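Listed in TrEMBL for this protein:
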DOMAIN    19-129  domain 'Ig-like'
DOMAIN    143-229  domain 'Ig-like'
DOMAIN    234-330  domain 'Ig-like'
REGION    366-394  region 'Disordered'
SIGNAL    1-23  signal peptide
TRANSMEM  336-356  transmembrane segment
Amino acid sequence: MHPNAVMLAVVLLWNLMLPFISAQNAGFVKSPMSETKLTGDTFELYCDVVGNPTPEIQWWYAEINRADSFKQLWDGARKRRVSINTAYGANGVSVLGIKRLTLEDSGTYECRASNDPKRNDLRQNPAITWIRAQATISVLQKPKINASDQTILSAETPVKKVTLLCNLTTAHTPHKESFWVKNGQEITNTRTEQRNTAYRITKPRADDSGEYMCVYTFDMAPNANATIEVKAKPAITGHKRSENKNEGENAMLYCKSVGYPHPTWTWCKMDGTSYTDIDNSTGRFFITIRDNYTELNILNLDINVDAGVYQCNATSVIGNTAETTILRVRSHLAPLWPFLGVLAEIIILVVIIVVYEKRKSPDDIIEDDEPVAPMKTNSTNNHKDKNIRQRNTK
């Protein structure tokens with residue numbers, strides 16, 4: 001047999017056997033974890049499996065104390081409160097999420113995975129063809145917390161101190177302690193063991209606005225909280241009053257503010273007597289917005305178009321505010337202006353000297369070849385006076 005034919009046969013045989021040689025049974029890399037939640041909360045369960053070929057993933061559910069009655073879960077089930085997101089690559093990864101939890105959502109949730117070719121054959125025993133990982137979700141009734149209504153701070157008139165109140169009226173288990181949180185960060189020195197808790201803002205300003213929460217902790221249950229919003233009109237606390245750039249360079253203007261809720265930012269430019277919204281038709285303007293901060297970047301500055309007054313506007317449901325920045329765009333020759341000024345002064349000085357020398361009168365100039373007359377001294381005059389006296393005596 002020809003050697004090439006033998007080699008081709010070996011390669012074909014290897015390709016046919018490779019899937020069976022490298023096959024790998026399904027196995028869990030990450031399994032779902034049991035959790036205790038409160039009504040109205042959201043939970044997510046993660047399942048990460050490996051195998052060759054990549055295993056298929058399914059989610060199943062059984063009520064508490066009824067582990068023999070599993071039902072498969074589908075995306076959009078339970079009035080669209082259930083979401084299932086699955087991605088297949090080298091691994092199979094799936095996330096089960098349920099929002100707006102109710103007491104009926106308590107139970108056992110099971111992640112199943114299999115890469116067995118006969119996994120969906122009804123004649124096969126699922127306990128053999130599928131691997132399983134379970135998590136128990138316990139949903140408890142959320143404690144009742146009476147909290148203050150939202151507060152709006154006024155920028156025009158002085159505001160008296162603001163007091164935020166929370167009262168834990170009912171709970172499934174005794175509470176441990178409570179504390180206050182602002183915008184996700186715990187406020188220091190606010191922990192207490194009382195069911196009634198208060199937080200006072202003595203001199204409220206715009207930067208005191210935000211989302212406040214009173215949080216109650218329990219030994220045998222998740223934390224419970226209530227939210228109180230303190231709102232204020234945006235106040236711009238930082239911006240560039242002016243910016244000087246050379247044509248062809250890039251300019252960055254910014255504004256930052258305090259106030260809650262976060263404002264909607266817009267940029268505009270003075271056009272004659274009114275402001276016009278920034279038009280990015282040239283592709284040189286880029287606006288960046290991050291909560292209480294915004295940037296306007298202008299690329300490749302044009303001295304004839306881009307110089308002028310720019311305004312950033314912060315608008316929320318409470319009110320709006322604005323600040324302006326003057327952008328000056330200089331010519332390419334701007335760095336040479338000091339040198340050209342000195343050079344011009346030197347030239348003017350030289351011209352003045354030359355003109356002065358040219359206009360001097362001839363009498364002021366002493367010729368070198370003109371004989372110089374002898375100067376009369378005082379001794380000669382004395383001799384004349386002496387001769388006159390001798391004649392008079394005769």
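Note that Cβ sites are derived from N, Cα and C of the backbone, with glycine treated the same way.
What you are looking at is a predicted structure, and each value in this text was computed from that prediction instead of being measured.
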Summary of DSSP states over the domain 'Ig-like' (143-229), given as helix, strand and coil counts: 3 helix, 48 strand, 36 coil
DSSP-assigned states of the domain 'Ig-like' (234-330) in counts, ordered helix, strand, coil: 0 helix, 61 strand, 36 coil
DSSP helix/strand/coil residue counts for the domain 'Ig-like' (19-129): 14 helix, 53 strand, 44 coil
Within the predicted model, mean pLDDT of the domain 'Ig-like' (143-229): 92
